[in-house]
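Copied from TrEMBL, the annotated features are:
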type	residues	note
TRANSMEM	17-40	transmembrane segment
TRANSMEM	60-80	transmembrane segment
TRANSMEM	101-124	transmembrane segment
TRANSMEM	144-176	transmembrane segment
REGION	219-241	region 'Disordered'
Amino acid sequence: MSDIGDWFRSIPAITRYWFAATVAVPLVGKLGLISPAYFFLWPEAFLYRFQVWRPITATFYFPVGPGTGFLYLVNLYFLYQYSTRLETAFDGRPADYLFMLLFNWICIVLLMIPLIMSVLYVWAQLNRDMIVSFWFGTRFKACYLPWVILGFNYIIGGSVINELIGNLVGHLYFFLMFRYPMDLGGRNFLSTPQFLYRWLPSRRGGVSGFGVPPASMRRAADQNGGGGRHNWGQGFRLGDQ
């Protein structure tokens, strides 16, 4: 048990709580302690009974059953792998990572699988040129991974709506936060609220692998013919520790 405890404590904080809730809430529904209708009928309870926690619990719920158990485990694996890697890439700035999750969560309308896919999409874009491995030894650039998973989930689950929504929302965040202000020279439409920094203070001075470079660095890059593109980061290989 100590090995499991050490592994669990090694997960970055936000991903750790998200992972634990995504295991605990479906388990409560599976054991019959709470009816699945409790999670599906949250809009009425939220709007008319002022049960403000219901959208949050609905986000963590997945109807685990004979036909959905494998799909649930696959998405749980994706949550652990890519949320851990992306939170680590934020390099000691948990407020920025939490803001990304909140932005995606609101855009997605509080669904579990699209939120996981949006995180995976952002990770894939920040590591787009890295070669990753998938099932049966297939290898391709990380930028294609969200779409490969979309096709994979279609085969095992029969639907791509959740995955497509997650990819689109992940692209919206990535474009507004990184690509538009950095590659296209536009304004910053997204910024982490200060109250999140007060709640989750930064432990280090920057975000690893991405962020808006200082003006002096941009001028130097232009003089050297850099073309205005930015290095998005080193990334991780699938399966690396």
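Using N, Cα and C of the backbone, Cβ positions are placed for all residues, glycine too.
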Remote residues contacting the transmembrane segment (60-80) - C-beta distance under 8 A, at least 6 residues beyond either end: 11, 15, 18-19, 21-26, 29-30, 36, 39, 112-113, 116-117, 119-120, 149, 153, 156-157
For the transmembrane segment (101-124), distant same-chain residues with Cβ under 8 A (at least six beyond the ends): 14, 18, 22, 42, 55-56, 58-62, 75, 78-79, 82-83, 85-86, 89, 142-146, 149-150, 162-163, 165-167, 169-174, 190
